[in-house]
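Beneath this line is the structure, given in structure tokens, with notes to follow.
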Amino acid sequence: MYDFVNLISAWAIPVIIVFIPLYAAYRKVPVYESFVDGAKDGFDTAIRIIPHLVGMMVAISVFRASGAMDLFIGWLKPLCEEIGVPSEIIPLAFLRPITGAGSLAFTTDLISQFGPDSMVGRIASTIQGSTDTTLYVITVYFGAIGIRKAGYALKVGLISDAVGFIASIVVCYLVFM
Amino acid sequence: MVNFIWLFFIVAGFVVAAFQGRIELVTEAVFDGAKSGVTVCFGLISIMVFWLGVMRIAEDAGLLQAMARLLSPIVRWLFPGIPRNHPALGYIMSNMSANIFGLGNAATPMGIKAMQELQRLNPHKDIASPAMCTLLALNTASITLVPTTLIAIRMSYDSANPAEIVGTTLIATFISTLAAILVDKWYRKRYTPIPPVKG
């Protein structure tokens, strides 16, 4: 199963990149002109995201570098240990929705510290793989189209992150114990 | 809420740094953060330009529309209100497929393109429409078949079985996606936009 899935991952992008222009050429689409036309939007879109990303990254960076994040996590540790969640995992719950690179760094650190085949290592890997950087996704997607009021999107994103987090812990205990 | 979190991060960071007598950290962190914000965006440019180019070919060839028709039952259930054959549906589908195959970088431009199409249907240009919230929920839940990066990291730390987390990740991601869809549906029902918002 893993080999099969791995095969799909390796072939997916090359196949897409060959199939789309080939099919388009068959449909008499001027492929190169079409490509350049669409590609123009890419630059504008990426540039338009800069203010949003800079704003969010600055706030996160200040929050982390000052030690405020460590303090915040410190308060929640006793509670989590009470309900049987490894306390080493807790920072990941807060980092994951906020920063993809930051949480990946934290997961890597946990894996190196406890070993990839430890329960902490497995849970961290599962969390990192099964959830996404909600704030980044909101920033990029809504920033690109100028949405200022995110509606209930943030709540839904954070709730599903929390569910993913809890599910990862429960599933890991069920599978690996 | 984003406004609140943003302000909270900055104020809390400032207060903690001040109490620890290391206020210079704030200045440093501000410039570091700003720099990485720009770096990430520049990293995005190459991918965005390429994929939007490829996706335009797909669009001109009618592939996105074909894909949308194929998967329309699911998408129509998730996104009631988007007109049949609207290009937004095609982009949403490509975004979802790219996420499933773990092509995170390829998924982003398609997701943004989908958002732009949804924005055309949005009567309030600065308020997220329900459809946008649903698309976002699907993305943050991050349906994943292969957590490639994690397998690579586990390999580099000599795991006895680097891929053993594929199964647990699949189950966890399935549960969180299901939760995202249900919570989104629930909010959507209780959401009373000003005036009626389609999508």
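Note that Cβ sites are derived from N, Cα and C of the backbone, with glycine treated the same way.
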Of the ranges B:91-111, B:133-153, which one does TrEMBL list as transmembrane segment?
B:133-153
By a Cβ-Cβ criterion of under 8 Å, what residues six or more beyond either terminus of the transmembrane segment (B:165-183) are in contact with it?
78, 137-138, 140-147, 150-151, 154
Can you give me the average pLDDT across the domain 'Nucleoside transporter/FeoB GTPase Gate' (B:42-150), rounded to a whole number?
82
